[in-house]
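Colleague: According to TrEMBL:
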- 975-1068: domain 'DYW' (DOMAIN)
- 160-190: repeat 'PPR' (REPEAT)
- 260-290: repeat 'PPR' (REPEAT)
- 360-390: repeat 'PPR' (REPEAT)
- 460-490: repeat 'PPR' (REPEAT)
- 560-590: repeat 'PPR' (REPEAT)
- 660-694: repeat 'PPR' (REPEAT)
- 760-790: repeat 'PPR' (REPEAT)
């Protein structure tokens, strides 16, 4: 009895002392020997247990059984089976049951071999022993050998309730719950609580109509006596939670008087499974029992899923309270790592990971998944390369996802190598193969992804989803739709989401047909699922079907911030940014990073007082956790640039810790918008210094910068750095045609144009525009005539009419105008400009009158008239036009500001400086008028220089002005008379007409070129305003005097001043 007490208490010291006091006779007593073996096995002293066992000469089945049980309890599988192999006597039923239990527990190859051998050698007289056969059923079910288990079950003549229980439990553990229900319904015995518990678990596993029906029927059959069976009621709660029947689960939970920690665990786990995390935490805070490792794991998982302030607070508090006996529990520690990773507290997760002494593959997998979820896939790969375990399917899947996220050279190398190393037993794992498809799609290796897809015999909806999503991400939308139409599976929420996104990308008739059909067919199960509904809103917005999108939005009961984002982005994409701001002001949810980005973009689109107010207020309210998020800050930079607030945009840019290529592109684009394009070249050098690789967007922005600067040498500098494969992309080619055209190199523009294999509308239109800008109207018309009719659109019509206007080709313009079937507002406006430039004001006015019969007045049409009246020096007509504008556009300050500047310049051209000054003063008072500063820039010897009128900022200003004096003298000698009508202000006493006009920015840029040694043979200048009449006349003469070519691009066109004293514009400027 004393030894037995020591065994129960695991009091090793007392047990040894008692053994020492035993006599030799006592030590040879079989009962004492068995007690000592049990004692040592319980205290994990296997050596002493073996020593006593070895002293026994006549070993009985009972002795062997005790040894087997002891070794099993100490998880020593090999020693169990070694001892069995040494056994000289035939095992009795008790020993066989123990051995079946050992084989069941270890279930390895040796265990399976021995278990099957025991069944084969079992005497016939044992084959009616239900307890023995039930153990054998349990063993075979553990082996996954369903057929052998069923054979034994069928052989039992008098099946008892335990036999049925063993069989049904085996089915459930092998994911064959339908078979468990079949057996349950054919059972002729009255079920006990254990059977009900097993069937509840089977129904929980299935969660189909049959399972729900049977499960609820069971609940009604449970006797009152069973209401005290915690195990059964806990299984019932688990089942109801799986049915999402929260009400009845809570009702049963309340019925349980003595709730155990297992009951609480089941309830909390059920809440989590039903995405009711807050309820799980509420229940957790009511617990007054000692927590077990399962509780800790569940709550850490709950906090991980919630990841809000409450979740973080509870999770970290619980982490500090873990008792010592759980601090080496891998399951608990792994859930802690997962939670910390969800909190983005990577450093603390790494600390916990490093504390774990016996890391298993699950620990590594959790850590790597955390890295992937935190966009730190390089770290995931680093950790992967340290693993010395056999990988499981989950680990493979995580690494494939990490490689997919990175898609760089290292990731591609590891991903492909790992793919070739997958063991055969995982090559039919759909989840794993799906992650491989995802990876290859991210590598843009669509062909190999298709190869893997075709190898999968039993494709699941998840497999199809991965393929469809991959096609969408690789811009192969038609293929996504083709694959969708081949599917014969029930769609899930991911399928709906992917298909709505695919249709949104394509937006053609086929996509619309499929998209609307899917909307009509969407299962009721998903009408409360925000993810597919958000995608449906996105798709409808892409279709331009605002009304249907708004209908869907209103039908969603529990709108998430993602739902609002989808709707607001749709409004922005459909040029309805005011509606986006209206909706934004209704939100009472916490904003996410996407919301900030969308609203900043909406404000950037509007650029009105309301937008500026909201945008700047929102910028000041960005929470600290988003202040380092590039997606938010890039949008903020874009918005500020659209507001003209370059200073604050630059401040945000400089404050960013991790600038990506999009950040640099956003800043450069902003500089272009704000006429500060020269700064883009500095940013480009910074990109190179940071070892960032410019993408197609960056190159396109830089080409746009070159187009604005209009300097050939600078363009060539950029083009020489663009990779050839990018230069061969159509969008880039179209941009290059535009760039070369705008810097006056028609030959290079044509070379690019001719290299475009599949010319689209943009290609033709850009080349037509290039001809027009360079005074080559006839060539523009010829190309327009060559352009296929189906490619002609409003822009191509405008460009050819503009080319006619700049070359004075009125008859051709009239013919083309009359041929255009749909004359839009802009087309009519450009025709008015064409007529006005040739001073055909009456005909232009007739077009305006005709237009206004059915449309509201358009201020651009009147500005075209006023500008030409200014060029015609017709101040009476100018006043008449301006007064008409004041009447029609009384509330449009910017329109009247522009008109007032033109009119005041007309007064100045007649020498009425005082009147012009008073007029300007009155307009400034009324409209807050701002005058744009005239700038010219030129590049010599890699130095890009900018000048404004009468600029003395350049270090060589003395030389520049000395050269200007020489140029003025040469002009006068060759008969040039400086035109005072081009002076728009009162001349000061110390000034002359000559000094005022020679101080124009383009003349300063020319003088700067002439002081270079050697003097450039081609001088190129870009000016942000229209060239004045005096400068135009003077530069024609200078080109002839100095025998050089001067190319000047002003705000309207490009002037090629040739050495013969003529300009390409032929006076049409």
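Each residue, glycine too, has its Cβ placed from N, Cα and C.
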Colleague: With DSSP, how much of the repeat 'PPR' (660-694) is helix, how much strand and how much coil, in residues?
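Modeller: Final tally across the stretch: 25 helix, 0 strand, 10 coil.
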Colleague: Give me the DSSP three-state residue breakdown of the repeat 'PPR' (160-190), ordered helix, strand, coil.
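Modeller: With helix first, then strand, then coil, the repeat 'PPR' (160-190) has 23 helix, 0 strand, 8 coil.
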Colleague: Taking the repeat 'PPR' (160-190) alone, what is its mean pLDDT?
Modeller: 94
Colleague: Quick one: DSSP breakdown of the repeat 'PPR' (360-390) into helix, strand and coil?
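Modeller: The counts are 21 helix, 0 strand, 10 coil.
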Colleague: Quick check on the repeat 'PPR' (260-290): DSSP residue counts for helix, strand, coil, in that order please.
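Modeller: For that range the per-state counts are 21 helix, 0 strand, 10 coil.
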